[in-house]
Amino acid sequence: MEAMAASTSLPDPGDFDRNVPRICGVCGDRATGFHFNAMTCEGCKGFFRRSMKRKALFTCPFNGDCRITKDNRRHCQACRLKRCVDIGMMKEFILTDEEVQRKREMILKRKEEEALKDSLRPKLSEEQQRIIAILLDAHHKTYDPTYSDFCQFRPPVRVNDGGGSHPSRPNSRHTPSFSGDSSSSCSDHCITSSDMMDSSSFSNLDLSEEDSDDPSVTLELSQLSMLPHLADLVSYSIQKVIGFAKMIPGFRDLTSEDQIVLLKSSAIEVIMLRSNESFTMDDMSWTCGNQDYKYRVSDVTKAGHSLELIEPLIKFQVGLKKLNLHEEEHVLLMAICIVSPDRPGVQDAALIEAIQDRLSNTLQTYIRCRHPPPGSHLLYAKMIQKLADLRSLNEEHSKQYRCLSFQPECSMKLTPLVLEVFGNEIS
């Protein structure tokens, strides 16, 4: 306390532990903070200010060294004032009445400015908050971060140049629910209330495929050891995308035909978007649980895809990862991707555009409200650019899929749902 008394400057508040009770340096009562350059209670603060303003002169009736406590601080004003000076209280810190008034006005003005800024700051409406909550719930219900279902796919087989490797789970079975083998016909309401949708739900849509150039190289079956497993993975992912899409606010208002068109045209794009959650920039791989389900570029090539697709896909995944999207932004981007009015074959483009506009406005408002700078700078524009990148990836995927599916020995390894969504079923 003596060291504090010798100081003529404001002590650093960081030097004091907030958890330690603060004591008035004059009387030992509970202190309320630094007043006039010393830690004091409200009583001694007021006493010092009044004494300095009145230029009061006090005389001690005793020896001039009274011990000042909370109980007797009113008994000897001279020793109390002396104690105030001893601990470092300075009259230069006392504001005049005019200065006090100006300070109060400044504080009031600052509060008013903050209130005005707060009122002008964009806020998510109740409807927008509801949209985000629904999409988050839809994503959580249709995306399993533990990837526990992967063991039910046909097992991954990684054949090396020097010889074959055995599947990690020889007895793993290919579950019908993942392969889309259902033979039931499409109902009037194509998007049903169930979480899963079988491949026949798309059967009413007459697909028009462009004539594809004959593949220049016939793929060897030994080079496609990962095709069965990844076909099951994609089939499973398509079902999850369908489940997510059904919960997008406004999606069920569309006709069954438009729902099918949107799902077929966006499925691979949304799968690529979703896969970013498992993408790791350290080794440019997708890690879905244990090492059996860690997918590298070599695994994708063993499913029949070339670097013309894989290289831009990796670039896309890295760029998307670097945006550090919030989960709310991620689910909104997926929904916007699905509900795109410019997909070929849609009938009610105006209604689809209205739904997408509502989602886009929600995303822009969320970024302004909840995504702090510098990450929010041009974030919406960057996210829309990612959708454009996905269109290019989709186009390249379609080319490579057609090359693959025109080979009967390859198409046999695909699931009915994959065949139905990505192109005409090969007979």
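Each residue, glycine too, has its Cβ placed from N, Cα and C.
Going by Swiss-Prot, these are the annotated features:
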BINDING   CYS24, CYS27, CYS41, CYS44  Zn(2+) 1 binding site
COMPBIAS  177-190  compositional bias 'Low complexity'
DOMAIN    127-423  domain 'NR LBD'
REGION    97-126  region 'Hinge'
REGION    158-190  region 'Disordered'
REGION    246-264  region 'Interaction with coactivator LXXLL motif'
MOTIF     416-424  motif '9aaTAD'
Same-chain residues at least 6 apart in sequence whose Cβ lies under 8 Å from CYS44 (Zn(2+) 1 binding site): CYS24, VAL26, CYS27, ASP29, HIS35, ARG73, ARG80, CYS84
Additional residues around Zn(2+) 1, ordered along the sequence, whose Cβ is within 8 Å of the centroid of CYS24, CYS27, CYS41, CYS44: GLY25, VAL26, GLY28, ASP29, ALA31, THR40, GLU42, GLY43, LYS45, LYS70, ARG73
Nonlocal residues around CYS41 (Zn(2+) 1 binding site), in sequence order (Cβ under 8 Å, 6 or more apart): CYS24, VAL26, CYS27, ASP29, ARG30, ALA31, THR32
Long-range Cβ neighbours of the region 'Hinge' (97-126) (under 8 Å; 6 or more residues past either end): 132, 362, 365-366, 368-370
Number of other Cβ atoms within 10 Å of the Cβ of CYS24 (Zn(2+) 1 binding site) across all protein chains: 24
